[in-house]
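Lifted from Swiss-Prot, the feature list:
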- 19-26, 81-85, 136-139: GTP binding site (BINDING)
- THR26: Mg(2+) binding site (BINDING)
- 10-204: domain 'tr-type G' (DOMAIN)
- 19-26: region 'G1' (REGION)
- 60-64: region 'G2' (REGION)
- 136-139: region 'G4' (REGION)
Amino acid sequence: MSKEKFERTKPHVNVGTIGHVDHGKTTLTAAITTVLAKTYGGSARAFDQIDNAPEEKARGITINTSHVEYDTPTRHYAHVDCPGHADYVKNMITGAAQMDGAILVVAATDGPMPQTREHILLGRQVGVPFIIVFMNKCDMVDDEELLELVEMEVRELLSAYDFPGDDLPVVRGSALKALEGEAEWEAKIIELAGYLDSYIPEPERAIDKPFLLPIEDVFSISGRGTVVTGRVERGIVKVGEEVEIVGIKDTVKSTCTGVEMFRKLLDEGRAGENVGVLLRGIKREDIERGQVLAKPGSIKPHTQFDSEVYILSKDEGGRHTPFFKGYRPQFYFRTTDVTGTIELPEGVEMVMPGDNVNMKVTLIHPIAMDDGLRFAIREGGRTVGAGVVAKVIA
């Protein structure tokens, strides 16, 4: 039987498993690849292939993550699974594996546990938009009422963190039994895959979002004007369109009078491309690295925000000592460092290397930002932490 070849035309969706240690995240990941490969074609991945997660670096932080891929009839999924709790925290905060949706695994034998709560909170803070629940190990629970109780607890916990706990899908299954090929439990994996397809909307592609280009360099070309260079993060900029220069200084409007790539002139610059954009009426000294070029009105400059951060441990090349309130590091956004002060939550006196913490940050210059923007925390050019803007304040 010939397998159909992988079609690039299918929408691509990023998902991942989250949840408490030993609740079966990796077993479920293996079960999904195995059952879907058997049902729709594709390749299965064994538990130990997934559990042996390779190290990767994101924003100077080493994270162990496993990536698997699988297909449903309508979509192609890239799925991330992490072996340890600390890897999840780092992964979610750095955005190393951006998730369009997550599968929260809860063992029916235990119900929600401390890391279940922490992963849900992190999901809320870092902007995981959709959660589907897989209640695992249901083959080990005979009492229907107990299953009802666990499901209710999980739904209430999700609602407490502003997810639609009453409405989101919950699948009761057994990853291990599905992996062993028991039809009744394999059907639950197919049911879960159906919810991935129907409950997680197709993500908006970067190219369809409003134009944004983080400025890396500025040149002036005699007789032509000022050119800014950088990689288009999202959207499209066309010659003749109005753009705004946002961040650090007051916002200024200009017009794009040319786009070039590899010294060739283009009509437009698109998401993912490294381009030079020629700006009308802008002096070389009016614009600097760290600002962004954006579609007018699409992004505002801010100095104050609530954030979720991970502080590197000593072994990861981070600080050797804790820090306290009044700590003033640099916050590296996109292409530049900005000094900021921090405020710790009530009852938190100090932050140790290896901790993750919620903190309020006030920057000395405004930066173009939206909720979900990633940043690094640096001291003299050395990365000591990573963070994400949970909520813009001012």
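First residue shown is number 1, and so on along the chain.
Using the three backbone atoms N, Cα and C, a Cβ is placed for every residue, glycine included.
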TODO: Just jot down the residues in the same chain as HIS85 (GTP binding site), at least 6 apart in sequence, with C-beta under 8 A of its C-beta; none if empty.
DONE: VAL21, GLN115, GLU118
Task: Residue among the binding-site residues GLY19, THR26, CYS138 whose Cβ has the most other Cβ atoms within 10 Å - done: GLY19
Open item on the list: Give me the CA-CA distance between CYS82 (GTP binding site) and the residue listed as 'Mg(2+) binding site', in Å, as a whole number.
Closed with: 8
Open item on the list: Using DSSP and collapsing to three states, where does THR26 (Mg(2+) binding site) fall: helix, strand or coil?
Closed with: helix
Open item on the list: Between GLY19 (GTP binding site) and the residue listed as 'Mg(2+) binding site', how many Å separate their Cα atoms?
Closed with: 10
Open item on the list: Taking 10 A as the limit, how many CB atoms besides its own sit near the CB of ASP22 (GTP binding site)?
Closed with: 12
Task: CYS82 (GTP binding site) CB neighbourhood, other CB atoms within 10 A - done: 24
